Amino acid sequence: MTAILERRDSETLWGRFCNWITSTENRLYIGWFGVLMIPTLLTATSVFIIAFIAAPPVDIDGIREPVSGSLLYGNNIICGAIIPTSAAIGLHFYPIWEAASVDEWLYNGGPYELIVLHFLLGVACYMGREWELSFRLGMRPWIAVAYSAPVAAATAVFLIYPIGQGSFSDGMPLGISGTFNFMIVFQAEHNILMHPFHMLGVAGVFGGSLFSAMHGSLVTSSLIRETTENESANEGYRFGQEEETYNIVAAHGYFGRLIFQYASFNNSRSLHFFLAAWPVVGIWFTALGISTMAFNLNGFNFNQSVVDSQGRVINTWADIINRANLGMEVMHERNAHNFPLDLAAVEAPSING
């Protein structure tokens with residue numbers, strides 16, 4: 001007689017949940033980072049939409065002069081924004097239950113802090129989810145490393161800068177014109193255009209755009225044609241095909257003759273590493289620059305640095321920039337103080353004779 005023994009499936013509900021969360025067969029990979037990413041990003045997005053449409057004015061400067069940012073309070077898509085949390089709150093953690101009422105929470109700009117903190121946690125988890133999926137598929141981790149650049153930039157403007165300045169009211173408003181206002185005020189107070197890390201960031205972004213356009217145009221111009229002249233060359237590609245889709249030798253020869261031989265990559269892997277690394281490193285430096293300027297380690301100041309033999313100042317473009325900075329700073333928070341802080345710090349001369 002033969003006995004057949006079946007092992008009972010002892011997998012628990014928790015075990016099935018873990019397998020589902022970490023399965024790479026799902027249409028969208030969730031992962032353990034996704035368990036935190038999904039609710040935080042949904043919260044940030046939902047509150048942003050509601051606040052952008054209907055949030056009441058916020059006392060951003062803490063001087064009882066609220067500024068409206070929502071559509072229902074007179075703004076449009078261009079000038080609307082989520083107004084940063086009030087200077088009266090500073091860096092305090094300000095959830096809804098810390099306010100005496102929801103009206104007070106809205107008046108002090110509570111939605112901004114809620115959105116920003118959930119957003120930063122969400123995008124950090126998205127980066128972790130990229131690493132997690134790469135790990136489970138046996139891929140290298142560089143996708144998450146590249147994504148760390150925009151995560152670092154967002155963290156710098158939404159968290160590190162307010163910490164350095166002592167208040168979430170100094171964070172970047174969540175809107176189009178609010179972003180421009182933040183940039184102008186940042187230039188006025190920190191002279192960011194004269195900071196070397198910002199210069200590296202500009203080189204990274206613009207250089208990355210240039211290299212991306214050059215690479216795309218070279219590849220598109222050196223496709224191996226698999227179709228007739230009457231068909232699109234794109235129809236000659238089949239997803240997953242083993243053959244090369246373009247002639248890298250032809251592209252290398254073209255670019256080497258256009259510039260010089262060693263300006264062109266002859267290794268596809270090192271080429272694509274360069275295309276990824278250039279803008280990523282540039283944005284890393286920009287985020288680092290924002291984080292240092294948050295604590296007032298500002299850009300270079302060459303104000304009145306060129307003088308003639310008689311000691312008279314010979315104005316340079318640096319002096320023009322400094323004059324523009326003062327003008328922008330005067331316009332910033334004009335109701336909170338009458339003069340730029342660096343001018344107001346100078347003791348006024350006596351007028352009593």
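Glycine too: its Cβ is placed from the backbone N, Cα and C atoms.
Check Swiss-Prot against the ranges 29-46, 83-100 and you find transmembrane segment recorded for 29-46. Panel annotation: around the transmembrane segment (197-218), residues 251, 254-255, 271, 274-275, 278-283, 285-286, 288-289, 292, 299 of the same chain, lying at least six beyond its termini, place a Cβ under 8 Å from a Cβ of the stretch. When Cβ-Cβ distances under 8 Å to the transmembrane segment (118-133) are tallied for each of 29-46, 142-156, 274-288, the top count falls to 29-46. Looking at H190 (site 'Stabilizes free radical intermediate') and H118 (chlorophyll a ChlzD1 binding site), their Cα atoms lie 28 Å from each other.
Distance from the CA of Y126 (pheophytin a binding site) to the CA of H272 (Fe cation binding site) is 23 Å. Within the set of binding-site residues (H118, Y126, H215, H272), the lowest number of other Cβ atoms found within 10 Å of a Cβ is recorded at H272.
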